[in-house]
Each structure stands twice: as structure tokens, then as C-alpha cells.
Amino acid sequence: MATEQLNVLKALDVAKTQLYHFKAVVIAGMGFFTDAYDLFCIALVTKLLGRIYYTDPALNEPGHLPANVSAAVNGVALCGTLAGQLFFGWLGDKLGRKSVYGFTLILMVLCSIASGLSFGHEAKGVMGTLCFFRFWLGFGVGGDYPLSATIMSEYANKKTRGTFIAAVFAMQGFGILFGTIVTIIVSSAFRHAFPAPPFYIDAAASIGPEADYVWRIIVMFGTIPAALTYYWRMKMPETARYTALIAGNTKQATSDMSKVLNKEISEENVQGERATGDTWGLFSRQFMKRHGVHLLATTSTWFLLDVAFYSQNLFQKDIFTKIGWIPPAKTMNALEELYRIARAQALIALCGTVPGYWFTVAFIDIIGRFWIQLMGFTMMTIFMLAIAIPYDYLVEPGHHTGFVVLYGLTFFFANFGPNSTTFIVPAEIFPARLRSTCHGISAATGKAGAIIGAFGFLYASQDQKKPETGYSRGIGMRNALFVLAGTNFLGLLFSLLVPESKGKSLEELSKENVGDDDSIAPTGV
């Protein structure tokens, strides 16, 4: 039997956009700013780490991270993120969103600082402690995904909910861009303070002892904005949907939201979800009947998206080197190479990544989640094929501009597309008592795809005839790009299962006001 939506939830759904919405975006968004900075800044400094700790003066090439070390350094934080998404997603439904929200931020800040203070000067010790702390850094980052998405979803009104969740996620773009800016500034400052010759002139002097400080500063710097928001995270009240529908304390939810909305909301003698009789769990037949297809849709599309997205993001530097956009390593000193990598990635972030996020913010509640995701996967497939088919032509000198434009467009439509919508939809379509858990499962499945992308692309893109030292032969960069295009196309097909959630209340989407005996109408698109 259908039940009436609680007054406090109705008030949230129809509330006008107010200051507290923007405060929530900034508070949650600063976490994502740090998430992106921490996850992607490592891609900027891996070549520098290779030079510092693995250069052999007897060889005629700068040192680089061995295959297993490179895979570990790039992928270990993603493994931690996967674990954190599952754990904190479940905990957010058990203890409350706010109860564990501050802990994830503390964990990120402490482990980010500890990563930059990795012990010793020998390669084994530094890489071992770096990987250890980056795993736990990722664990904290993982918790931010389901908690931030769920909190913003449950605070927002139904008219602009997509815009506000997208705005939180869009802070990732600024985090990525900020990482490149910090790297450019730090590397430039050290280059001018401590000039060094190119590698081919003096291998040892091209690195310089000061370079060891550079990567540590870069890794630690992203903690500052997030640490500043800790106080405000702790001041946020628990979401009304958790308090009323899970804790069963409608009176407290009404009191909290009356203060937040600055208006009087009439109280009810209803103990939330307990009155509806909905007690089925994640692995129940009823959940599979109502939300099984939804969970398949959110997990599969996020998985396929992250295979492609993280492959491209974590190994931009390798792609830029192979197309000749960054000069041969031995013609530069260590800090010049770092500067050029950061400058190239900043250009991609500024022209493709950041605008894509904010196009989603602008249009998500106009076009809708379904069509943006479908369009994004379609365009990613097209542009990836546009790079892969004439790849041999695009990497020739004089044709690099075409490559960079097409490459930037794949990032634009990833972010004005599935990279944003796969984050938004799981925070809307599942019932309150399982919302954080299901978002965590969806996000963790995505990170499994990211791990496959991070490890797999590194090996698969190796040249079929002359792989890099320490790697076996791969299928080559061109064929690897074809595989990513195929992955994007599969994402397009699975997107057909994604429901449209634009303009609907969370209770309508999750059918929390429908009893177990009622017929379940398909959500549709």
C-alpha cells in the first residue's frame, strides 16, 4: 500500500535554492577536490621518481620505474579506494552519513602527508612506504564517494538535485587542474633556484638532490584545501532522510531541517520507514525485483567508464611522449621533464576535463542523466576511433595538434557524460537505508575497472616489437586505443538500462512510499 511522503521530505523536495545548498556543495566538493588531486598527482611525478631512484649512470637513458613498481605506485591507491567505497558505503547506512564523514577527511589528510614523508632514500624503502600510505589514502578517498553523493542527494531539492550533485563531482576537475598548476609552480621554482644540465650532458647532475623534495611537496600540497573544510563537515546536521527513514526519528529530522531551511515544518507522529513495513535487505528477492536491473546498470556502466577514463588519465605522460609532444627524456633534466609533463596535462585539463564537468552541471537537469550518459559514451567511442584509425599519421611530427584536440574531446565528453552521471544516478535511485551501500558498490565496481585500466593499459600499450625495458610485448598503443573504443561502446549499450531520475523525488525513484504488495512500474527513461 502506498504511504504519504513525510512533511520534512516534501519541504526538502520543494525548497528554493538557498545558501545551505551552496555550503553543502563547497563542503562536499572540497573532499572531491582533494580526492582528484591525490589520485592523479602521482601520474605527474612517476617519471621523476624513476629518475631519482632508478637511474643507472652506466646506461645511456634516464631511469624509470620498473614495470611492477610503476603498476603498484599507480594502482595501489585505486585498490584502497575500492575497499573504502565498499566499507564506508555500508557504514554510512549503518551509522549515518555524518557520523563517518569527518573520519574519511582526516584519513585523507594524514595519509597524504605521510605519503610525502615516505621513509629513507633507497628505492625499496621509499616505494614501499609510498605504496603503503597511498593505499590508506585511497581508503579514505573511497569513503568520500558514497558519503558525499548521498549527503548532497538527500539535502537537495528535486528540481536542481542533479546540478548540485554534479557540482560536487565537478570539483574533481579543479583538483586535477590544481595538481598540474602546483607541479608547474614547484618545478619552475626549483629549476630556477637549482639549475641542472640535461641528462645527456651529465646524468648525475641532471637530477640533483633537490628533486627529492619536489615530488614530496607536490604529493602533500593537496591536503590544505580539504583540511580547511573539516570544521564545516562536523557542523553539518545528519540528513533528514537518514534521521527520519532509517533512524526513525522524524521529530529530530524536522527540527534539523527547520533550522537548515530557516522555516517552520510541521511535525508528524510517524516513525519514518518503520511504518511502511519495508525491511528487506540488499540480497533479498524484493530488492532484486525492484532494483536489480538498476544495480546492474550503475555497476556495469561505471566499470566500463573507468577502464577507459583511468587508462587515459594515469598514462597521459606516456601517450604524450610516444606522440612526441614531450621531447626525449635524455634531452632534459629531471625537473624540466616534470614541468613539461605538467604543462601538457594542464592544457588537457583546462580545455577538456574541467569544461566537461561544468557542462554537466549546467545541463544535467535540463537534458537529463540518461541522455547525457548515452551521448557521452557515443562521443567517446567516436573520438577514440578517430584517434586510433589514423594513429600512425597523428603521431608524425606536425600532426600532434590534431591528436591533442581529439584526445581532449574524449575527456570533454567523458566528463560531460558518463564520468559525471555514473556518480549521480546511484545516489538517487536506491532506497535510503541502502543508498550509501549501493552507491559504494557501484563506485567500487568502477574502481575495479580503473585498476584494470591502470594495470592493463600500461602493459597492453607496449610496442609489439620494442617494448620498454622491464615490460613484455603488448598489442601496441594503436590497438590499445581500439580496445578502449570497444569498452566505450559496451558502456553505451549498458547505458540503455539506466533509469531517468530528473525531476523526481528520491522516494518516488526508490519506491519507498510503495508497499511490498504494490505492483512495480518500470522507471523508464
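The backbone N, Cα and C atoms fix where each Cβ goes, glycine too.
Caution: TrEMBL annotation is automatic and unverified by curators.
Copied over from TrEMBL:
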TRANSMEM  20-45  transmembrane segment
DOMAIN    24-503  domain 'Major facilitator superfamily (MFS) profile'
TRANSMEM  65-88  transmembrane segment
TRANSMEM  100-119  transmembrane segment
TRANSMEM  164-190  transmembrane segment
TRANSMEM  213-232  transmembrane segment
TRANSMEM  293-311  transmembrane segment
TRANSMEM  344-364  transmembrane segment
TRANSMEM  371-391  transmembrane segment
TRANSMEM  403-425  transmembrane segment
TRANSMEM  437-460  transmembrane segment
TRANSMEM  480-498  transmembrane segment
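Listed by sequence, the residues of this chain that lie at least six past the ends of the transmembrane segment (20-45) yet keep a Cβ under 8 A from its Cβ atoms are 73-74, 77-78, 81, 104-105, 108-109, 112, 134, 137-138, 141, 144-145, 148, 151-152, 155-157, 160, 164, 167-176, 178-180, 182-183, 214-215, 218-219, 221-223, 225-226, 228-229, 232-233, 236, 260-261, 313-317, 338, 341-342, 345.
The highest tally of CB pairs under 8 A with the transmembrane segment (437-460), across 65-88, 164-190, 344-364, 480-498, is held by 65-88. Taking residue pairs at least 6 apart in sequence, the transmembrane segment (371-391) and the transmembrane segment (480-498) share three or more C-beta contacts under 8 angstroms. Between the transmembrane segment (164-190) and the transmembrane segment (371-391), the number of CB pairs under 8 angstroms, six or more residues apart, is fewer than three, so the stretches are not in contact. Residues 23, 26-27, 30-31, 33-34, 37-38, 41-42, 44-45, 48-49, 52, 102, 105-106, 108-109, 112-113, 115-118, 175, 178-179, 182-183, 186-187, 190, 335, 338 of the same chain lie 6 or more positions beyond the ends of the transmembrane segment (213-232) yet place their CB under 8 Å from a CB of it. The average pLDDT the prediction assigns to the domain 'Major facilitator superfamily (MFS) profile' (24-503) is 87.
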